[in-house]
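Since the structure comes first, as structure tokens, the remarks are kept for the end.
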Amino acid sequence: MGKLVVLALLGMIRKRVKKYESSYRQRFSASREVEPVEPRNCQLIEGIENGSEDIDILPSGLAFISSGLKYPGMPNFAPNKPGQIFMMDLNKPNPSIQELSISNGFDKASFNPHGISTFIDEDHNVYLYVVNHPRMESTLEIFKFEEQQRSLVHLKTIEHELLKSVNDIFVVGPEQFYATRDHYFANHFLTLLEMLMDFRWSHVLFYSPKEVKVVAKGFNSANGITISPDKKYIYIADATDKSICVMKIHDNWNLTQLKVIHLDTFVDNLTVDPDTGDVLAGCHPNGWKILFYNPKDPPGSEVLHIQDVLSEKPKINTIYANNGSVLQGSSVAIVYNRKLLIGTVFHKALYCEL
């Protein structure tokens with residue numbers, strides 16, 4: 001994009017923000033603060049300093065953590081350091097992280113991991129699917145996890161004209177997945193304009209080797225995505241709409257909206273407790289502080305626990321909240337055997353025993 005166009009767009013955005021600042025501050029909850037809520041036994045995970053944007057846990061208790069996301073408009077404390085995938089064994093009494101090595105032949109220098117999703121095939125092989133943003137583009141990387149070597153073998157890179165500005169994925173079969181496209185535009189200035197104008201051009205895609213299609217649209221910013229334990233429903237976080245959309249899965253992988261759960265927080269990634277079907281949401285209580293980062297007044301963190309998701313009145317409780325003094329910009333929360341992991345877009349990560 002030419003410099004003159006960029007400057008014109010930047011000027012337009014600044015003028016609009018200044019003109020409607022009061023309205024935008026209200027929309028992005030600029031004055032909202034959270035009361036602290038913290039489980040008794042929590043500690044920061046040593047070795048994670050540059051984000052833990054998404055986390056997925058295998059049935060065996062091995063957790064995968066994506067770290068080092070460089071996302072337009074978001075802080076990054078190590079801009080020259082490639083992204084990483086960490087592993088954590090939650091079966092151990094005092095679990096610690098270990099970085100997974102990645103096989104040769106993959107461009108590690110430009111690795112910029114975002115959303116992740118695991119898949120186990122019929123032969124019990126484990127695959128990790130990673131949304132990657134090399135040079136601020138969007139690709140989908142498929143790795144095979146070698147447990148004995150604690151390594152990832154890169155198998156394939158998926159690219160497609162519809163897979164732009166991808167945020168999160170959920171794998172439903174070999175090379176089959178749902179993906180959220182958080183913005184229609186890929187350019188940072190256009191995405192800002194898109195958000196400020198409330199275009200609602202964000203959507204959800206279904207990808208397979210035979211077909212790639214839009215299966216749900218009309219979102220402000222489709223973000224985290226996950227599936228119910230019975231595989232009948234998809235849950236989608238609409239971040240700037242402060243809501244979770246519940247959708248029914250059809251035989252052709254199309255989605256139909258059943259309901260929308262409205263919240264008072266900016267919802268990022270979603271996970272499901274496989275034992276109860278409850279949803280955990282990593283959230284940003286104050287969107288203004290995320291957009292306009294100030295280290296002296298950092299964004300806080302919030303985790304919601306949502307029970308009876310499919311009922312008329314789901315039960316919603318806050319199980320973690322912090323004003324940023326411990327954890328900034330929470331993006332995901334996930335449980336395993338009464339152990340809770342909370343990740344962040346660009347900050348640290350928390351381990352709690354419930």
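Residue numbers in this text run from 1 along the chain shown.
Quick reminder: no glycine exception, Cβ is built from N, Cα and C everywhere.
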With reference to TrEMBL, specify which of the listed residues CYS42, CYS245 is paired with CYS352 by a disulfide.
CYS42
Please report the distance from the Cα of ASN223 (Ca(2+) 1 binding site) to the Cα of CYS42 (disulfide bond), rounded to the nearest angstrom.
27
Can you tell me how many other Cβ atoms are located within 10 Å of the Cβ belonging to ASN167 (Ca(2+) 1 binding site)?
27
Counting only other Cβ atoms and using a 10 Å cut-off, which of the recorded positions ASN223, ASN323 scores lowest?
ASN323
Which Cβ among the recorded positions (CYS42, ILE116) has the fewest C-beta neighbours inside 10 Å?
CYS42
If one measures from the C-alpha of ASN323 (N-linked glycosylation site) to the C-alpha of CYS42 (disulfide bond), what distance in angstrom results, rounded to a whole number?
16
Once near-sequence residues are set aside, which residues in the chain of ASP54 (Ca(2+) 2 binding site), 6 or more away, have Cβ atoms under 8 Å from its Cβ?
ILE65, SER66, PRO113, HIS114, GLY115, ILE116, ASP168, ASN269, SER331, VAL332, GLY343
